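J.: Dropping the structure in here first, questions after.
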Amino acid sequence: MSNKIRTTKYTLINFLPKNIFEQFYRFANIYFLLLALLNWFPSIGVFHKEITMLPLIIVMSITAIKDGVEDYKRYRFDKKKNQARTQVYDWKENQYIEKCWKDVRVGDFVRLSCNDIIPADMLLLHSSEQNGICRIETLNLDGEANLKQRLAVKGFTNPDSEFEPENFNSTITCENPNNDLNKFEGVVENTGNKIGFNKDSLLLRGCTIRNTNVIVGIVVYAGHETKALLNNNGPRYKRSKLERRMNTYVLCCVTLMAVMCFIGALGHSIWVGAFASWTPFEYPDNTGNFISATVSGLYMFLTMMILLQVFIPISLYVSIEFVRLGQIFFIHNDVEMYNESSDNRLQCRTLNITEDLGQIQYIFSDKTGTLTENKMVFRRCTIMGTEFRHDENTKRLSTQRELDSYDKDGPLLKSTGPVTNFQSSTSHRWQKNIRSVQRSQSISSQQQFTGFKNCKKSAMDCGSFSSQRVAFSSPLEKDIIPDEVLLNRIQDAVVHMDSLTRLKAGIGLERACIIDFFLALTLCNTVEVSTATQPRQRVLPSPLSKTSTNSQEELQQLFQKLNLKHTSQSGSDEPGRLCDKASPSSKISPTSYGAESGTDDAGSGTDLINNVCENGKAADSIDREVPDITAEAEEKTSNLDFCYEAESPDEAALVHAAQAYNFMLLSRTPDQVTVELPQGDLLAFELLHTLAFDSTRKRMSVIVKHPLTKEIIVYTKGADSVIMDLLEEPARDEKQQRKIMNETQKYLDLYASNGLRTLCIAKKVLSDDEYKKWASLRHEAETSIVDREALILETALQLETNLKLLGATGIEDRLQDGVPDTIEALREAGILIWILTGDKQETAVNIAYACKLLTSKDFVFTLNCKNQEACESLLDCILDEIRIYKEVNCTTSKLTTDFAPVSSVSKPSFGLVIDGKTLRAIFHGNLQKKFLELAKCCQSVLCCRSTPLQKSMVVKLVRDHLKVMTLAIGDGANDVSMIQAADVGIGIFGQEGMQAVMASDFAISHFKDLKKLLLVHGHWCYTRLANMIIYFFYKNVSYVNLLFWYQFFCGFTGSTMIDYWLMIFFNLFFTSLPPLMCGILDRDVSAEMLLELPKLYRSGQQSAASNLGTFLITMLDAFYQSIACFFIPYFTYRDSNIDVFTFGTPMNTLSLFTILAHLAIEAKTWITEGHIYVAHSASALSSQFANENPGLGFCFDITTNQ
C-alpha cells in the first residue's frame, strides 16, 4: 500500500468532463446549451449561431478556472506532504536512507528523531527513552498541544543499544484498517511466543515526536488506509442554498417562457391560416409546396425560444462570482477579525457559498482549541471538609483575564516559585520568590532545534524560527496566589515534621491529610518535568549545546571543591533516598533515571536531579569561608527552573497549585517521582504502577512506595460521581468522617453550580501481601492476549475500593475570549449549537455550562447506552417525558397568562448529552429518526467521546433529514470530516495545525470571530446577493417582454424592433455595473445594529429576501412595467411613418431608464460609487439613443403635422 495521498477533486484527465458535469447542475447552463444548439438549425435560427455559443462558453470557462485554482491549492498541499523526507531502512544498503513520504510502504522500518512528524501509522518497536516510552504531540491531529505517552511493544526495548531491523524476524497481526482512533489491537508472533499490543503502541500519522531522541517503528497502515485519512471523506462540491433556489427560479422562468412561446406559435398559426392561398413572406420547398400552418407554428415555437432566450439571465452567474469576490475582499480586510498576535486575517477558501453565512440554522463545534484555550486555573479546594476559597487568587483572575507574557519572538516568562518563608502571614509574601523561567524555544515541525542556554541568544544564533509554547504553562495558569488560611495550616503542619519528614505522633488528622492532599496533587498525574536545557526539542551538537553541557560540568566541579557530605537515607543506587536541605551534596543515582553515561543531553533526568540537589538551596549551609565559590554556584544554577508538560490541562493546574504551596514536582521517570517538600527536603517515591484515566472508571491512580515509611500508598483522583461511591464506609462511631464526606459533597455541588470542574482526591494504604497479590493479577492481565483490556480494567476496579477521602478541588476551564457572548448572540439569532468532541463527558458538560450553552434552568437528558435495545428504550422514555412536560407546561401557561405578563411565562429548555457508544448504537440500529425527534426538542446537544467519522455522520444526518443549513467549526485534523460534511466549514488556524484550515471554506483566528462573520457579513452577503438575483430576473423579464408585446403587431413572426447590438449591450454594458455595486456595497442595516439585535439574522434563515413569493411578485411587477414601457411609445408613434428600429429605440431607452430607476429605489444605501455607475449607465443610454436616432425629432414633427 502506497503512502501517497491525494485530497484533490480533479486530475488532469478528468478535470474537464467532471467540472462540466458539475456545472450542468445549474439548470440555466443546460437551458442555454439547448438554445445554442437550436440556433444552429437554419429554419429556426434567429441570431448568429457562433455568437449565441459565446456567453455560455465564457461563463463556464470562468467557473472552471475558479474551480481549477482552488483544486490546485489542494494539489500543492498534497505535494508538500508527499515530498516530505523521512528515514526508512533499506534492505539492500542495510542502513537507513532518506525517502519521500509517498515512497513509504507497509512493512517498512522508519526511524524518527525528536521534532519529526510521523509519516504513516506505525507500531512502536523501539525508543531511546527508559522503558520504551515515546512522547508525541497530537497538535496536528486534534489541536491539543499537550504531550501523550506511547509504549514500545514489549520485547524490543533496549535504550542502551540501537534497534537492528535485520534481526527482526517476527510476524505482526493487527486489525484491518478502520477509522476508530481509540481502538487498535494485535499480536507479534516470534517462534511460538505471542506478545499483544494495543493503541498505546500506535503512532498516528501527522503526530510529532517530542522529548524522545530516537524511535523506530514499523508501518502498519499507509496512505489513505491510515486512521487520519479514513476519517477524511474528501472534499465535497458545495453549492449555496441560494444557488440551488435559483434552479427553481430558472424553472419558473422557463415555464413562463414556454407559455409565451406557445402563445406566439398559436398566434403565428392563426395568422398564417388567415391567408387564402399562400403567405407572401414564405418560400415554397423543393416540390413547390408551402408548409402547413401547424408546422409553421411549431417552427415559430422554437424561434420564439431563441428570441426570448435572454429571459434567463446567463450573465447572472458571472455577476454572482464577481459579487462574491467583492464581498470576500471586504470580509478579508475587516480589521475587527484580524489577529495581530499571529498576523492572520480571515481566509476564504471557497468562493461560492458566501451567502450561506447568512442562513445558518445549526452550528456544530469542536471543543478543544475551538471553544477553549485548554487553560485550566486552580480556583478553590476543600480538605477534610474545610473549604479554602482562595479569594486573592480569584481577584487576580478577575483583573488579569489574560496576561500571558509569552511572545512569538521568544520573550521570557515569569513564573511563581514556591513559598519558602513560612514565618510571614501575609498572602502576598509569596511573590518575593519569583523565578524567571526561560521557555523552550522551538522551530516549526520539520526544522531542527539547535539548542540554547538563553532564549534570546538562541533566537539570534539559530536563525529564523518560530517559538512553540509548552502546553498549559501560561502565567494565568501558573501564578496561583495561595490562600492565607491554608498557607498557615501547612506552616503549622511543617513545624511538626521531624528531620525525616515524618509527622510527629499526635499532631492531628487534619495536618496529616493536608500533607497527603498536596502529595496526591503532586504524584497522581503523568506530568513531565523539563527545564530550559531540556526543552521539547532535542539539543543537537552545536556551540550552544556544548556550552550548556560544559556549564553543568563546571557546576559539579564547583560543588566538589566544597567537599560537601553525602547524607542519603537509602543509598544512592535505589529509589527512596532523601536529599536534605542541610545536606546539599545528596545525589540520586544516575542509574535510577536511565541516563546514559556521557550523554550530551543536558536536560536528562540524572542531570536534573543532580542539579536540583546541588542547587542554590544548598548554599545556605555552605561554609562561610568560600562565599565567592558559593555565589558562582548560585549563578550557575539560576536558570534551572521547571516547566511542566502535562497530558491534560487539569493535571497541570493541580501541579501548579501544589507548587504554589511549595510541594514541587522535580522529576518523573517511569520508576520514580521526586518531590520537594515545603521545608526543602527531597523525597524520591518509587513509582510502582500508574492506572491511567479512562472514560469507564473516570479516575486515575498511582501506586507509590514511600521512601521513608516504606508504605505502599494508592493516590486516586477522579470525578466526584465515582470517587464518592468508592469511599470506605465510615463506622457508626466515626461521626467526624461522615461529616467530612457530607461537607465535601456540599462544596462539590457548590463548585459545579459555579461552572467549575470538580475532582475528588483520595488515598489508600496497602499491605505488602495485598500489593503482591494485586500486582500478580495485574501482570497476568497485561500479558494476556485475549480480553486484555477487560482484564486490566477489572484489576483497576479491584484496587480502587475502600478509599479514604482527602478533599476536592474546583478548577476553572478557561474559555477563549468572547465565547459565552458569541454563543449567547448566536442562540438569540435562532441558531442551534451542538458540541461534537472526543473529550470525556464531564469536561464537555462543564464547558457547556461555562460558555452558557447550558444553564442551571435547563433540563439536561443524558444518553449513555451500549446496545440498541437500551438506547431505543431510553429514547422513548425521554420523548414521553418531554411530551408530558410540554403538556403540563402548556396548561400552566394558559392559567398563568391571566395573572402574569406574557414575558414571565418561560418555555422549557432542554439539553441532551450523548456519548460515542450511544451514537454507534443509534446509527447501527436505525434509530436516527427518534434521535432527531429528540434533538429537535433540545436547544443544545453535546456529543462526547465521538470519533471524527461520527462527527461527520451527525452533521450529515441533521443536514439531510431536517433540510437545514449547517455550519461546522473546528481546529484539528479530527474535525476535517465534519467540516467537509457541513454546508459551511470553518477552520480555526493558529498553533493547532493546518489540516482543518486546508479542508475548510473559511478560516478564522478565534471562535468569537464567528459572531461578526455570521451576524454582520453573513447577513449582508445573503441580502445583497438575494436582492441582486431577484433584480436580475426582474430586469431581463421586463426587457425581453418588449419583444413579446411586439409580436402581437408583427404577425408573431419572431421579428425584433430593437437592434441586436443593443440587446447584447443590455446585459454587457448598460445594466452590468450598478447591480454589481449594490451586490457588493449595499447595506440594509448597519453593523452596529446587527450586533446589537441578533434577531435580525433570522430573516436570512427564513429566506425573507429571496423566496418563491417574492420572485412571483417581482415577475408580475416586471410584466406591468414592460407593458408601460411598450405601449407609451406605441401610442405616441401610432400611425406614424418611422422605421421599425426608430420605433424600438425609445422603447429600449425608456425600459432601461425604468430598470435603473427601479434599482435606485430598491437600494438601501446610496453611496458615491452607486451614483457614479448609475449616472454612467444613464449617460451611455443617452449617447446610444442620440446615435441611433439623429432625426427622431424631425420625424415626430412630420407625424404631428399630419
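Glycine residues also receive a Cβ, built from the backbone N, Cα and C atoms like all the rest.
A TrEMBL annotation is a machine prediction, not a hand-curated record.
Model, not experiment: these values are computed from the prediction.
Okay, so TrEMBL annotates it like this:
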DOMAIN    2-52  domain 'P-type ATPase N-terminal'
TRANSMEM  24-45  transmembrane segment
TRANSMEM  51-69  transmembrane segment
TRANSMEM  248-278  transmembrane segment
TRANSMEM  298-320  transmembrane segment
BINDING   ASP366, THR368, ASP971, ASP975  Mg(2+) binding site
BINDING   ASP366, LYS367, THR368, GLU651, PHE693, LYS717, ARG757, THR837, GLY838, ASP839, ARG945, LYS951, ASN974, ASP975  ATP binding site
REGION    532-552  region 'Disordered'
REGION    566-607  region 'Disordered'
DOMAIN    997-1176  domain 'P-type ATPase C-terminal'
TRANSMEM  1046-1070  transmembrane segment
TRANSMEM  1108-1131  transmembrane segment
TRANSMEM  1143-1161  transmembrane segment
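Any idea what these are sitting next to in the structure?
T.: When Cβ-Cβ distances below 8 Å are used as the criterion, the transmembrane segment (248-278) is approached by residues 26-28, 31, 284, 290, 293-294, 296-298, 300-302, 304-305, 308, 311-312, 1029, 1033, 1037, 1044, 1047-1048, 1051-1054, 1108, 1111-1112, 1115 of the same chain, each at least six residues removed from its ends.
For the transmembrane segment (298-320), same-chain residues at least 6 beyond its ends with a Cβ under 8 Å from one of its own Cβ atoms are 26, 28-29, 31-32, 35, 38-39, 41, 43-47, 52, 55-56, 58-59, 62-63, 243, 246, 250, 253-254, 256-258, 260-262, 264-265, 268-269, 291, 1025, 1028-1029, 1032-1033, 1035-1037, 1039-1040, 1043-1044, 1047, 1052-1054, 1056, 1063, 1066-1068, 1072, 1075-1076, 1079.
Around ASP971 (Mg(2+) binding site), taking its Cβ as the centre, 32 other Cβ atoms fall within 10 Å, counting all chains.
All chains included, 21 other C-beta atoms sit within 10 angstroms of the C-beta of PHE693 (ATP binding site).
Here the domain 'P-type ATPase C-terminal' (997-1176) returns a mean pLDDT of 86 for the predicted model.
When Cβ-Cβ distances below 8 Å are used as the criterion, the transmembrane segment (1108-1131) is approached by residues 248-249, 252, 256, 1030, 1033-1035, 1037-1039, 1041-1042, 1045-1046, 1049, 1143, 1146-1147, 1150-1151, 1154, 1158 of the same chain, each at least six residues removed from its ends.
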J.: Mind checking which residues of the chain, 6+ beyond the ends of the transmembrane segment (51-69), have their Cβ under 8 Å from one of its Cβ atoms?
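T.: Hits for the transmembrane segment (51-69): 9-10, 15-16, 19-20, 22-23, 29, 32-33, 35-36, 39, 306, 309, 314-315, 317-318, 321, 351-352, 1064.
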J.: Just to verify: the residue among ASP366, ASP975 with the fewest other Cβ atoms within 10 Å, which of the binding-site residues is it?
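T.: With the binding-site residues ASP366, ASP975, fewest surrounding Cβ atoms within 10 Å: ASP366.
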J.: Which of the binding-site residues listed here (PHE693, ARG757, GLY838, ARG945) have a Cα atom within 10 Å of the Cα of ASP366 (Mg(2+) binding site)?
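T.: Candidates kept after distance check: GLY838.
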J.: Quick one: of THR368, ASN974, which of the binding-site residues has the smallest count of other CB atoms within 10 A?
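T.: Per-residue Cβ counts within 10 Å for the binding-site residues THR368, ASN974 bottom out at THR368.
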J.: For ARG757 (ATP binding site), which of the binding-site residues THR368, ASP971, ASP975 has the nearest Cα in space?
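T.: Spatially nearest to ARG757 (ATP binding site) by Cα position is THR368.
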J.: Across all chains shown, how many C-beta atoms besides its own are within 10 angstroms of the C-beta of ARG945 (ATP binding site)?
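T.: If we count other Cβ atoms within 10 Å of ARG945 (ATP binding site), we arrive at 20.
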J.: Rounded to a whole number, what is the top Cα to Cα distance in Å among the residues the record ties to ATP, namely ASP366, LYS367, THR368, GLU651, PHE693, LYS717, ARG757, THR837, GLY838, ASP839, ARG945, LYS951, ASN974, ASP975?
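T.: Largest Cα to Cα distance for the ATP-binding set is 30 Å.
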J.: Whole-number answer please: how many Å between the C-alpha atoms of ASN974 (ATP binding site) and THR368 (Mg(2+) binding site)?
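T.: ASN974 (ATP binding site) and THR368 (Mg(2+) binding site) have their Cα atoms 11 Å apart.
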J.: For a quick check of packing: other C-beta atoms within 10 Å of the C-beta of GLY838 (ATP binding site), how many?
T.: 24
J.: For the C-alpha pair, I'd like the distance in angstrom between THR368 (Mg(2+) binding site) and GLY838 (ATP binding site), rounded off.
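T.: Given the Cα positions, THR368 (Mg(2+) binding site) is 9 Å from GLY838 (ATP binding site).
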